[in-house]
Amino acid sequence: MEFKHKKKYGQNFLNNKDEILNKIIEVSNIDDNDEILEIGPGQGALTSLLVERVKKITCVEIDKDLENTLRKKFSSKENYTLVMEDVLEVDLRRYINQGTKVVANIPYYITSPIINKIIENKDLIDEAYIMVQKEVGERICAKSGKERGILTLAVEYYGESEYLFTIPREFFNPIPNVDSAFISIKFYKDDRYKNKISEDLFFKYVKAAFSNKRKNIVNNLVTLGYSKDKIKEILNQIEISENERAENISIDKFIELIKIFEGR
């Protein structure tokens, strides 16, 4: 019986497999010592290549209608584990080890929650290679300009991102409304930013700074209770224009800014 894609799970499977899948394997630097977490394996197109190349692969799939297909294809593989659960709810510590690498075509409608889940488990996950909407990929990897936002800085706080390549929408079934991007996130081995400023403080200021993207940094930071004069004084100390928008401020400048506000 033909599989019916479910909109509620954001299912868009690759149909021009070889060209894209081989490129994914190549840029993800797969080797036989890798332990892989694949989120949303679908019908197992990427899984088929990974399972033959890595030490261990754990696939997390929410759609029960795909369980039989996946078990039939891969249950004989000793290095393969299928977890039929919602990736946002599952305790990944039960299934993956330190040094795990994520390689996945993730459901686009929950991109941010999945990235947050990966970040929450960064003590186990060293690197993530994921397919996302092109626009989201550009935002995550943007070094400056209007594409930058809270998600950009959230990723930068924990690791380095890179836009690897674009995948046209025609390569998927059903064809989505947008092109896709394959990106990487490599987590820092040290806590380079966490050692400078806590997560709570960092995100408190970043969320305020981006609370209204049409407003400049001064008008957004007043939501934290500071006067405009105080904000302008501190911005002047670190050579940021009072008319600047948050999207044009680097993570290092943000941390410098927060430290002054917090008297550190």
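Glycine residues also receive a Cβ, built from the backbone N, Cα and C atoms like all the rest.
These come from Swiss-Prot:
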type	residues	note
BINDING	N12, L14, G40, E61, D86, N105	S-adenosyl-L-methionine binding site
>> Can you check which residue among the binding-site residues E61, D86 has the largest number of Cβ atoms within 10 Å of its own?
In response: E61
>> Can you tell me how many other Cβ atoms are located within 10 Å of the Cβ belonging to N105 (S-adenosyl-L-methionine binding site)?
In response: 26
> Among all the protein chains here, how many other CB atoms are within 10 A of the CB of G40 (S-adenosyl-L-methionine binding site)?
Replying inline: 23
